[in-house]
Every structure is written in C-alpha cells, then in structure tokens.
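Annotation source Swiss-Prot lists transmembrane segment at 20-40, 45-65, 89-109, 128-148, 166-186, 204-224, 248-268.
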C-alpha cells in the first residue's frame, strides 16, 4: 500500500529519468574546446580531438532531443506546467542570444561614432569600399521578412488544425531561409574587403556571420519541425517545438533588421 502511494505523482512537473547525455555533452564540449586550441596551435592530434568533440556534440543533440520528443509525444509528460517552464527557458535563451549581438552592436557604434586616426578618422575607413545596402542586403531583408510572415502563417495553420496549409507555410519559410543563406554567401564571395581589413571588416563579418550562423541553426530547427509536422507530432494544443522554432526565427528576423539599418544602411551613409 505504501509502495503504491509512493508511485502517485502529486505535482504537475516532469521528473526526468537518469540520463547520460549531460555528462557526454560535457565531455564533447571539453574535447571540442581543447581540440580547437591544440588545432589552432598546430599540435599533433588537435584536429582529431576537435572533430571528435564536434561529432559528439551533434550526437548528443540528436539523442537528447529525441528523448525529449518521446517524453512529450508518447509518454505525455509535458503538462501545462512543464510547457510553461519550457517557454520560460526558451525566452531566457533568446535573451542570452540578444546579449551576444548587443556586444557586436556596441563594437560597431564605438568604432563608427568615434573613428580613430589610424583608419582616417572617418567611417567607413578610407581604404574600405563599403557594400551598398540597396543590393543583396536589401534583397535579404525582403527574404527574411517574408519568411517571418510565412512561419506565422504556418503557426496559425497548426493552431487551426490545418496540416496541409502548415506544411505549405513551413516549406515556403525553408525556401526563403535557404535563399537568404545563399545570397549571404554570394555577398561574402564578392565583398571588396575581408575580415582582416581592420576594425570595419572584423565588426562586419563577426556581426553578419554570427547572424548567418543563427539563420542556419534556425533553418535546421524549422526543417526538423517540418518533418515532425509531417509525422503528425503537433496538435492544436501541443506544438511547443514549433512555437520555439517560430520564436527563434522571429528573433533572427529582428536582429537582421537592426544589422541592415545600422551596419549596412547607416554605416554606409555616414561621414564622421
């Protein structure tokens, strides 16, 4: 009788089973960082250790999220209280990402508003030919804003139980995302300056490249959601996996708007 009483859960939270993935992820992170340092300093075995850590992290990401999906979909462990906790976790994660980009914008405004004498005392620097904002950057802005609209369309379709429309919305979003990444790569290949061309190149490639990395991550996120939607993993009430992906994608949209308005447009037109 006592053992039966102990099995009754008297709270709405999910107590996860013991898992090896936190430890394996920590070991993968150690291999990734330590191997990266060894590789950059040309030590023997650094590249192998770096690859081992990278593929370990990828494996843990796949298996850990697989377990989370199983707990939500097949075990019914994601109650309303659990979903609220997941939402708060995603919000805090996005806030931490905002802090990353805040540092890049800080570096840009520090360098552009008060340019030092060794770059000519002007912004853009005298030896740098800046990229016009009205070419590929403007096209990429249209692509990302359109993708934000299409992912919202998919979200409303999921809430309304319209699976076919949701699939169409996600497919359009993925097409826009892939086109954005391709255009960004094309822009980099034809850029008249590189990352080593002073503070302008460093700030430009760090900010836009880090954003491009987030676009790739968001594209993978949405692609996984498309597969899960096809497999009928989402319902009108339970679709936080997609909701998190949509939040992340809107965050990517907003960051790009700030990048376009500051680094591309304002940074191209100012003469300090």
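Glycine residues also receive a Cβ, built from the backbone N, Cα and C atoms like all the rest.
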### Query
Do any residues of this chain, six or more beyond the ends of the transmembrane segment (204-224), have a C-beta under 8 angstroms from a C-beta of it, and if so which?
97, 100-101, 104-105, 107-108, 151, 170, 173-174, 177-178, 180-181, 184, 188, 193-195, 241, 244-245, 248-249, 251-252, 255-256, 259, 263
### Query
What else in the chain is close to the transmembrane segment (89-109), if you only count residues 6 or more beyond its ends and a Cβ gap under 8 Å?
199, 203, 206-207, 210-211, 214, 244, 247-248, 251, 255, 258, 262-263, 267
